[in-house]
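Contents: one structure, followed by commentary.
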């Protein structure tokens, strides 16, 4: 395996005896996929140098730096080269093996190539002297064999993490799965259907009502610009008259039950009916005897909306000119990671991020102990940003080694977060908030927090209508949320459900007076309500806007509005600067932060406790066990056995306040109402877990803001996942302030029906030209989709 070229025993033995060699253990982690300080790998020039002291890998440049700094100068050089496999003909190689035989596990490998791996010993600083025959130094030969045979530490970490998940839309199971059907002896033919309404007679776009078997036509629906399906909406009329909620589209019925189009009118959504086959056979429709002949509603919506939006945002169909160089590095999608890739492309447009994580990247990396570098947040962030801005992975002359895969950064940044640690698609706005908090946590006091360039403060003016007294609260924010009131929507001609809104009007709506219904005056005792008004206290160097394209139906499921925004390339926000308390205003009395009452014990906790009480245990002990085991009977039993000797096990059990289990899930529509008043989603959810109504929650937030704990990463990932290191002292946040004028420099667009599905791309204004960043594809934009973006990035004009 290791051909000899010279007698190297004495040279290598000397190096080993100098203390720069560690014999690999049985469970030795070997890093051999990527340089610890950059994104060079075994396939790049000179490959990687694996240090035999700690089995971490470096490219040639960084191997020299590491050896000079530490004295650890003994390396295994690992090069992996693509080798063309000569074809013999008709799918057979010259050696008789089929050309498409997989010789090792690879991703997207060209079947005409194989990888040839080469290992040798080098000793710093003589990198040109390669020692292949080291059989005379058995421990070194064994170490090389271990490296060659091992699965890399990076790959092991990937395999232990959550596997990729398909990010398609998720349908809900209908509440009508046990629908009562009429015994009216109605049996339908397997074809030849038509709308049963007199003088209609349509034979397409037909639906069957699962309650009584009535057949009616659906509504007319746009399937292309200016083109609609036939339909008179008679099934919707039928539901309005009868209240029979569950319908199925005829023409979509087949043996593939998952593809059948089922709609619930009172749930206002496409749903899953677990008893669908039974419900259809009740009227003589056997799915196994039918074939699909029509598109489902979802398929038509995808054709009209998502595909149109996708093509528009990715500029599909246009011949785009690739662009290369520093700042034009593509990011490879590692499994629904386009949301993260888009955010990273936006952040390198911000001066403070370039200064912190690119200009000072090498300081961060070299000062991080090599033992922790792969799990260190600052090191991994610096590694990514430096690579993106270096130009080393964006070269017109070396296409094979372009783009980087920020997999380790994604894992370290996410930690054990229940959502971001998975391969599922995520809401880019939520990720921005999460990432910025992580950055602040990892910024030492002496370091300028780069997120300070985007953070700002608002004034929240709360007025008690009955007494006309006011309360001012300072609030920190990262993003200006732009509401889309229905009154502002203007229909787009020749479309059914697509609208346009002026950005200036949406900004005005964001700072409009919000009425808080039901507020009881602490001064007069009258319940006349209150108002809340937001103004800007500070104006940051960069300002993010989020278009509120997503709303909730009555089931709490997010739906996307088809809204185009008439974007302003330049903004003047001087009208929205606030100044705090005005002369003549009287302040509401300062209330002592209230301690929320203990919430009710959830039904599932009581149910499990009941099961345990049957075994003879006391009620309070059972309630404790059920609560601390998340309502799992088996876990609760084990918990109870382990804690029976505790002296307070039978004390009266009171549900803790503020815990996720305390009040269960909160109504997303109530959350949205509180967010509209300038609070974050986390603050809104937290307040609603203390008090039940919007007015009480808003009042609670104004008087208890400082008692809300810092939002932490939700748990849920494997405990074996790498945990990010947190600096000992987090930087105290500061806020920039300056001119209220801004210019548009970037945007992130979303394609899909929900923010946690679909796809994200970024467009950035660089050197006066718009550039599309679609994961690893980077090209000059011909027609940036400014009207369709979800997140807009503006830079202050001084």
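The chain as shown is numbered from 1 upward.
Cβ from N, Cα, C; glycine included.
Sequence annotations record features per position, and here TrEMBL assigns domain 'UBP-type' to 172-287.
Around the Cβ of residue 200 (Zn(2+) binding site), a 10 Å sphere holds 13 further Cβ atoms from the protein chains shown. Look at residue 200 (Zn(2+) binding site): DSSP puts it in coil. Summarising the annotation, TrEMBL assigns Zn(2+) binding site to 195, 200, 217, 234.
In the three-state DSSP scheme, residue 338 (active site, nucleophile) falls into the helix class. According to TrEMBL, the active site, nucleophile annotation covers 338.
The region 'Disordered' feature in TrEMBL is assigned to 713-732.
Per TrEMBL, the feature compositional bias 'Polar residues' maps to 715-728.
Rounded to a whole number, the distance between the Cα atoms of residue 338 (active site, nucleophile) and residue 195 (Zn(2+) binding site) is 45 Å. Listed in sequence order, 195, 197, 200, 216, 217 are the same-chain residues at least 6 apart in sequence whose CB falls under 8 Å from the CB of residue 234 (Zn(2+) binding site).
Same-chain neighbours of the Zn(2+) site beyond 195, 200, 217, 234, judged by a C-beta within 8 angstroms of the site's C-beta center, are, in sequence order, 194, 196, 197, 201, 202, 206, 216, 231, 232, 235. Predicted-model confidence for the domain 'UBP-type' (172-287) is 90, expressed as mean pLDDT.
Between the listed recorded positions, namely 195, 217, 338, the fewest other CB atoms within 10 angstroms of a CB are found at 195.
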